[in-house]
Structures are given as structure tokens and as C-alpha cells.
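Everything below concerns the one structure shown next.
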Amino acid sequence: MEENPTLESEAWGSSRGWLAPREARGGPSLSSVLNELPSAATLRYRGPGVLPWGVPEEEEEAGGRSRKAFTEVTQAELQDPHPSRELPWPMQARRAHRQRNARDQVIYGSGTRTDQWARLLRRSKEKTKEGLQSLQPWSWTLKRIGGQFGAGTESYFSLLRFLLLLNVLASVLMACMTLLPTWLGGAPPGPPGSNTSSPCGSYNPHPQGLVTFATQLFNLLSGEGYLEWSPLFYGFYPPRPRLAVTYLCWAFAVGLICLLLILHRSVSGLKQTLLAESGDLTSYSHRVFSAWNFGLCGDVHVRLRQRIILYELQVELEETVVRRQAAVRTLGQEARVWLVRVLLNLLVIALLGGAFYGIYWATESTVELQETSLVQQLPLLKLGVNYLPSIFIAVVNFVLPPVFKLIAPLEGYTRSLQIVFILLRTVFLRLASLVVLLFSLWEQITCGGDSEAKDCKTCGYNYRELPCWETVLGQEMYKLLLFDLLTALAVALLIQFPRKLLCGLCPGALGRLAGTQEFQVPDEVLGLIYAQTVVWVGSFFCPLLPLLNTVKFLLLFYLKKLTLFSTCSPAARTFRASTANFFFPLVLLLGLAISSVPLLYSIFLIPPSKPCGPFRGQSSIWAQIPESISSLPETTQNFLFFLGTQAFAAPLLLISSILMAYTVARANSYGRLISELKRQRETEAQNKVFLARRAVALTSTEPAL
């Protein structure tokens with residue numbers, strides 16, 4: 001029994017806890033054994049030329065060979081052809097490595113010409129990406145918002161910046177393809193006047209006589225009068241063949257660019273969502289050990305990053321609690337939860353049905369109310385009647401979303417799912433209300449779809465009430481956009497800021513209750529998507545609408561920023577940023593799809609107005625395109641017509657199907673490979689546990705030997 005302390009001392013080193021020198025042990029040191037483990041790869045995060053952790057001073061003198069071996073590994077890392085940013089080193093070591101490689105390339109040259117071109121192309125791509133990122137406006141503001149109010153609030157301002165970019169691109173295309181050809185082709189003619197003899201009636205947007213200030217203000221808010229015959233609306237543009245083609249091509253180009261950019265944003269958000277929702281990356285160990293950015297400089301950036309990680313952990317904990325509660329429910333509790341969900345969804349359907357009927361009634365009653373004598377005598381009442389659909393839509397969108405927000409927690413979902421359901425119901429309310437408005441306008445334009453009606457038989461549309469129906473549709477979208485901006489200003493100035501002042505004037509629980517406000521991300525995001533959908537619907541009939549929306553979004557950004565930092569507190573319950581990064585662009589894509597339906601219907605099926613617009617005199621707006629193609633050379637005509645035949649569509653569909661099948665098969669093979677690697681990882685973990693147990697068992701039986 002006296003040998004056991006000696007054996008233990010020889011096995012584990014001196015009494016200080018460090019290993020004895022190699023000469024005293026007669027075998028490999030513990031540090032050299034540990035350096036062979038896979039976990040020793042984390043030592044490289046300390047940079048090149050650093051000895052392993054835990055090496056005592058005695059062993060440093062006796063372990064010259066270990067130092068030499070480690071130096072050889074370090075030199076191999078220094079000669080690594082990968083870029084410096086891919087090496088697991090500190091920032092200072094990366095910078096020194098990059099400078100040394102640059103000097104070596106200048107002195108000795110580097111590789112073949114192909115390698116040089118590949119390296120130059122990679123660096124150019126990196127520089128271009130960095131330059132584009134540096135051009136993004138409000139980057140620091142978004143980081144500050146994300147650190148102080150969470151990633152959900154930051155996603156709203158990021159979406160606002162993205163929509164601002166879309167509107168700027170649409171405005172630039174509009175100026176190049178619509179305004180510029182209009183003025184280069186000569187001064188556009190004036191309005192047709194009331195004396196023009198036409199079977200489709202006359203159209204005179206300019207009233208005669210003295211115009212008062214109240215009338216001027218009414219025209220500014222409603223888009224009538226001097227604004228009706230201006231570049232703001234469709235009817236102003238003259239009937240020139242080239243202008244008509246560029247006008248139509250501008251609409252399709254804007255839609256295509258918006259579609260591609262939204263798809264790109266959705267795909268990037270989908271990647272983040274899949275990573276965040278996977279079981280590997282949502283663990284707390286990932287948040288603790290892998291979420292920190294070691295390149296941060298300055299206390300402000302460090303504090304912001306700490307807050308962001310805090311919000312992420314808070315979301316994880318909240319959703320874990322809800323999942324655990326759902327896992328322990330009994331059958332009776334689960335049935336009661338689903339019964340409550342069904343009843344609440346029936347209530348939501350009833351509320352949405354009532355709102356849609358009210359919007360339809362307001363739109364149908366507007367024309368009748370405008371013809372009454374009392375409304376004609378009072379300009380303010382006339383303005384209210386003119387804005388009746390917009391007012392009703394704004395009231396519905398202001399009242400029902402808070403009701404949806406009260407209903408969502410009663411359904412027993414996680415915070416992320418609650419946000420999704422609130423967004424789905426709110427987006428259905430907002431976009432469907434716009435669809436109801438467009439449907440009522442369609443009934444007025446096409447006489448309810450009856451082409452044989454008395455008012456629509458002559459010209460194909462209701463020329464008596466709507467002589468220039470495109471301008472009327474553009475005016476409705478213009479009023480919706482303007483009223484939405486006025487509503488945002490009124491809510492901020494008359495509700496949010498007074499609540500904050502009341503909190504300061506009334507100390508105690510009453511002041512805190514009145515002044516505590518949270519930034520409601522779902523409502524604000526759906527407001528942006530609704531406003532952008534209105535712009536997409538009305539941009540063809542009101543070409544300057546994207547430019548007006550750009551100004552609106554600029555004002556809205558600074559207004560919401562001021563409101564956020566002045567009156568709002570951080571949200572008590574947050575949600576995943578991945579939910580916002582994927583779901584918000586998806587809803588935006590839905591808005592683009594909905595806006596394309598009335599636009600394509602108007603282009604292909606409804607006859608254009610006869611007294612106004614660049615397509616006057618055509619059977620349809622699209623008819624201008626075949627007529628323009630007929631003036632091209634015969635070879636070009638044959639090629640363009642071939643693109644629309646089955647001989648081109650069938651091979652294209654076949655090739656697309658093959659590529660899609662190949663992509664799906666490749667994705668499935670990657671999925672199986674990932675699953676196999678996960679199983680191997682689990683097996684390796686089990687092997688390590690087994691070996692550790694065996695080592696413990698052998699150590700416990702060793703004294704008996």
C-alpha cells in the first residue's frame with residue numbers, strides 16, 4: 001500500500017499540480033498528449049508563435065523539441081494560402097500576416113499568372129463588397145437601434161432602408177424612361193378641353209374661373225385641378241409611339257428589379273432562418289462561445305454587442321419555457337387550447353368580414369355623396385367625402401391590429417409564432433382592404449364587368465363618370481399615400497409625444513402606465529409593406545408616386561427614429577431576428593404579387609381612355625407593343641414572335657424541369673450527407689464517453705494490481 005502514492009506521483013507529476021519533467025517521468029508529457037487532441041486546435045485562436053496553455057517553465061527549458069515542433073506548425077500556418085481573414089488569429093496577427101504576404105508578393109512574385117488573376121479577382125470582389133457596404137446609409141444608427149431595442153426593431157429600419165432603395169431605383173428609371181422622352185419629344189400638349197367632339201365624351205381637368213385658396217388646398221390633397229394635368233398623373237403624357245413603349249417598359253422593368261431584389265433578400269433571410277431554427281445553432285453554448293465579435297473596438301460597440309447577445313438569449317429562454325409548457329399538457333388541456341384557438345380565429349374572420357364590407361360601402365358611396373348639393377357647397381365636407389375610402393381604411397388598420405395583438409397571446413404559441421400570426425392577420429387586413437378598394441373601383445370603371453351596359457358599350461369603360469379612368473385610379477393611390485403620411489405624423493405628434501409628456505408630469509404608477517410605450521414592430525412593418533404595395537399599384541397611373549414615396553420614407557425614418565429614442569422603451573418580450581429577416585421580405589413579395597394583378601388586368605383587358613394618356617386610340621394598352629414590333633426589321637420580328645411560340649416555350653420548360661430536378665436531387669444528397677455526418681459525430685461522442693469510462697475503470701483497479 002505504500003507504493004500507491006509513488007505511482008500516483010509518478011503518473012500525475014509534482015504536488016503543485018504541474019507535470020514533472022520528461023526526464024523524471026520517462027515518457028511523453030501530459031501537455032504533449034493533450035496537444036494531439038482535436039480540441040487543441042482552439043489554441044490557434046491565440047495566434048501564431050504562442051505556446052500551448054498550461055506549459056510550465058521547467059518544461060519550457062526541457063521541451064525544446066516541442067517548441068520546435070510547434071514552431072513548424074506555426075510556420076505552416078503562416079504559409080497558408082488562404083486569406084488572412086480566414087485564419088483563426090487575432091486582428092493584429094492577421095494584419096501582420098497580410099502585410100508580410102504583400103511584401104513577399106512584391107519581391108518574389110506569387111504563383112502562376114492564373115493564380116495572380118484569381119487572387120486579383122477575389123480581392124476586387126472583396127473591395128467592391130466592402131465599398132457597397134460602406135455606401136449603405138444609417139449603418140451606425142441601425143447597430144445602435146439593434147443594441148438598445150433588439151434585432152426585431154432593427155429589422156423594421158433595415159426594411160425601411162431597403163424599400164427606400166427600391167423607390168430610388170424606380171424614380172431614376174421613371175426619370176430616364178418617362179419624363180426625359182416626354183420633354184425631348186417637344187412640349188406636351190395641353191388638356192383636350194370640353195369642346196372636343198368624341199363618342200367617348202370630353203375631358204377638361206382645368207376648372208374655369210377664379211380659384212380660391214381653399215380650392216387650391218383641396219386640389220393639392222386630392223390630386224385634382226392643376227395637379228390632374230401634370231406629370232404627376234397618367235393623363236398628362238402625350239400619345240407618342242416611342243413614349244408609349246418606354247412608358248410600358250418602365251413599368252415592367254421596375255417590377256422585375258423589385259422582384260429580383262426581394263428574392264435576393266428573401267433567400268439571404270431564409271439562410272439565416274434555417275441556421276437559427278436548426279438545433280445546432282440555437283443552443284446556449286453557441287450564443288456564449290461563438291456569438292462574440294473579437295474585432296470590436298471601443299466601449300460603445302462592445303456594449304451594443306453585449307445587448308444584442310442578451311436579447312438573443314432572452315428570446316431562447318422565453319421560447320424554451322413555452323415549449324416545455326406545451327410538452328407537459330394533458331389531452332384535455334390540449335383539446336381546450338385548440339378549442340380556444342378555433343373560437344378566436346372565428347372572431348378574427350368576423351372582424352375582417354365587417355371591415356371589408358365597410359370599405360366596400362365607403363367606396364361605393366363616395367360617388368353618390370359627391371353629387372349632393374350640400375357636399376358641393378362645403379369644400380371641407382367635399383374633401384372628407386373624397387377621402388372617405390382612405391379614412392375608413394386608416395381607421396380599420398388602426399383599430400383591428402391591437403385587437404389581433406390581444407388575441408395572439410391567448411392561443412398559447414411561442415413569441416415568434418405569435419408575431420407570425422399577428423403579421424398574417426394584419427397583412428391580410430391591410431392588403432385585402434386594398435383589394436376591396438380596387439375591386440370597387442373596377443366595378444365603377446367596367447360597369448361591374450358588363451361590357452354591354454349603357455355607359456360601357458361605346459368605349460369599353462364608363463366614360464360618363466370616369467372619362468380618364470387611369471388618372472382617377474392614380475388619384476386614389478395618391479390620396480392613400482398622402483393620408484398614410486398624415487396619419488403617421490398625427491399619431492406621433494398627438495398621441496406618442498403627449499403620452500411621454502404625461503409620464504413626466506404625472507409621477508407614480510399612473511404616469512408610468514400612460515407613458516410606457518413599446519415600438520410595435522408588426523404594425524410598423526405592415527404599414528411599410530402596405531404603403532409600398534400602394535405605390536406598386538399606382539405607379540403606372542401616377543408615375544411620380546415612387547419619388548413621392550421616397551420623400552415619405554425619408555421623413556418616416558427620422559420621425560420613427562426620433563419617436564423610438566424619445567418615447568419608446570425596449571420591448572419586454574422580443575422575437576427572433578431570423579423571423580423578421582425571412583418573413584418580412586416574404587410578405588413584401590406577397591404585396592408585389594397582389595399589386596401585379598390589377599396592373600396586368602388594366603394593361604391587357606381594359607381599353608385605355610380615349611381623351612388622355614399615351615395609349616389613347618388603342619384597343620388595349622398592350623396593343624402598342626405588337627404595333628411597335630411590326631415596324632422592326634423582319635428578322636427581328638421573327639425572332640421576337642418565336643420567343644412567344646410553343647417551339648421556344650417547350651424546350652425552355654423541359655430544360656428548367658431538368659435543372660430543377662437536378663437541384664432537388666443535389667439538395668437531397670447534401671441533406672443525407674449532413675445527416676450521416678451528424679450521426680458520425682454522435683458516434684464519436686459516444687466513443688469518447690466509453691473510452692473515458694474505461695480509463696476511469698482502469699485507474700480505479702490499478703491500486704489493486
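Glycine is treated like the rest: Cβ placed from N, Cα and C.
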### Query
In TrEMBL, which of the ranges 1-31, 125-155, 187-217 has the region 'Disordered' annotation?
1-31
### Summary
Sequence-distant contacts of the transmembrane segment (244-263), meaning Cβ under 8 Å and at least 6 residues beyond its ends, amount to 162, 165-166, 169-170, 173-174, 177-178, 181, 237, 536, 539-540, 543, 546, 585, 588-589, 592, 596, 599, 603, 614-615, 621-622, 624-625, 628
### Query
Where else in the chain does the transmembrane segment (419-442) make close Cβ contacts, counting only residues six or more beyond its ends and a cut-off under 8 Å?
152, 348, 352, 355-356, 359-360, 363-364, 389, 393, 396-397, 400-401, 404-405, 408, 411, 413, 449, 472-473, 476, 480, 521-523, 525-527, 529-530, 533-534, 537, 575, 579, 583, 587, 590-591, 594, 598, 601
### Query
Can you count helix, strand and coil residues in the domain 'TMC' (468-578) using DSSP?
87 helix, 2 strand, 22 coil
